[in-house]
Amino acid sequence: MAQFKHLNELNNFLSMDGENAKGPVPRWQRKLNLSGASTSFNTSALANTSARQTLSVSLSSNANNTLQLSTTANSLKTPRKNGTKGTASSAKKSSQTPSNKGAGSNGNAQSQLGGGDRFIPSRTATDFDLGHYIVKQGTGSNEEGETGGNTENEEGAVGGGGVTNVPVSPKQGERMKSLSEAMRGCDISKQRLLAFRMKVPAPPEGHVNPLKAIYSVKTPMSAKSGSRYIPNAPERILDAPEIMNDYYLNLMDWSTDNVIAVALGASVYLWNAATGTIEMLFENEGNDHTCSLSWIHEGHILAVGTSSGTVELWDCENMKRLRVMNGHSARVGVLAWNSYVLCSGSRDGTIVNHDVRTRQHNIGVLQGHTQEVCGLKWSPDGKYLASGGNDNLVHVWSAANGAPHATGEPLHVFNQHQAAIRALAWCPWQPNVLTSGGGTADRTIKFWNVANGHLMNSVDTKSQVCGLLFSKTYKELISAHGYVNNQLSIWKYPSMMKQVDLMGHTGRVLQIAMSPDGSTVMSAGADETLRLWNCFAPDPLLAKKEKSAIREKPSLLKQSLR
């Protein structure tokens, strides 16, 4: 008996088609065990297993010792990429397997769909209250549809006077829909029960992120416009106590000698940007105060407009007053030089041309504005004078027969602005292009062609425009603004694409002035600070390329030597 037992064990060991009970568990059996565990975990999948026909594997010891496959409804199919090929090959191998074309079509549909076989919803993005309401609303409507007819029949059989379901009118349906949307803040019909991804909500309008300079993509610590570097932090901050917060006054100017004049309270101070020294030029007496300041283009003469309607000339090198010129009945809020002619704009609506060389200084009065004149600018070629007023008008005056003063009627009157125009600037490389900026009710920057009087472009800045300056180094424009952000904006000209916003002032920017070399802009704010922005510094890489492009011409002596 022992030898027969030994022969049976040897035959079982050498047989390849029998069941190996001592070896590792086959892969197909592990798959079946895993599928059985998953079905016990996911109970929702059991409800749909009747629609799916999956494969169950069983071993039978028939004459050929073959593997038998059968379709059952209680086991799950092993996921495959090519489901149709697997079912077709199994049908060819065994004639006992029933051919099911529907299963093959389902396999094709599953193979065409990309991604996994399930989605994991996000709890943080899902509104469970709204989902519960939608589910209850759906089940309630289904129950009413199923039981409504029976209820009516029963009530009719009893007495015929029972209460029936009254259909909702379209008007009431719209009202209920609007109320539900107002309560939930969204359209319920477009909401899902489960959310699979969550989008970051947008910030409220007008919100300023304090970490924007660090983490924002649009304005990093060093914003680059094209190929140049623009620092968006001020190079230096100076205190300006008691500076008057008046939109119509011009209380700061930068001379060609690199000296800044600023009116603080009743006094006028001079700050040398090269040495850093500060001197007080003069102090007004009584209730008088300074309303406007303007340096002569070449020299150390400073023009001062006062609240009493006079214009004074001061020699800032010797610190003494040269003369006092009359001509206005109200305060002088703006001044503009053109060679030896000084133009002054007043609250009385007039513009007076002063020839500072002669005793009879008043050489012409321009009358066109009906309210205070708050903006004056001569064109770079000296042919046109632009004036802006509180009457929302821009006037363009032409020079009289080559003289450095304007006479007669205005050449153009532009009335497209909806607020006072204080900010005026002429394009340095296009002398016939004038730029004007409107106040709080307008908030636009407009470009005019004074040669034909046409409006070239208009840009909405979303805030009050207090000042405009063209860059001397780049084809760019800087604008000073008030409410809401109190920022300085740099624009690409002529596309007017915004390059960067220079933030820092907590009050509106009253005025801006540019350094003689055109690299630095100083802004005076209602927060009683003066800020220096090095926003137009020449690009060192570009300067290096230009320097390397200019080569010295080799001498004839070096050419002859070999």
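Just so you know, glycine gets a Cβ as well, placed from its N, Cα and C.
Just so you know, TrEMBL annotations are computer predictions that nobody has curated.
So that you can see what the record holds, here are the features copied from TrEMBL:
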COMPBIAS  84-95  compositional bias 'Low complexity'
COMPBIAS  96-112  compositional bias 'Polar residues'
DOMAIN    238-533  domain 'CDC20/Fizzy WD40'
REGION    70-122  region 'Disordered'
REGION    138-171  region 'Disordered'
REPEAT    292-324  repeat 'WD'
REPEAT    366-407  repeat 'WD'
REPEAT    502-534  repeat 'WD'
Report, as numbers and ranges, which residues of the same chain sit near the repeat 'WD' (292-324): CB under 8 Å and 6 or more residues beyond its ends.
249-257, 259, 261-263, 268, 270, 279, 281-282, 284, 330-337, 339, 342, 344, 346, 348, 354, 356
Which sequence-distant residues neighbour the repeat 'WD' (502-534)? Criterion: at least 6 residues beyond either end, Cβ under 8 Å.
208, 213, 231-243, 245-247, 249-258, 260, 262, 273, 464, 466-467, 469, 471-473, 478, 480-483, 485-490
Across the repeat 'WD' (366-407), what does the mean pLDDT come to, as a whole number?
91
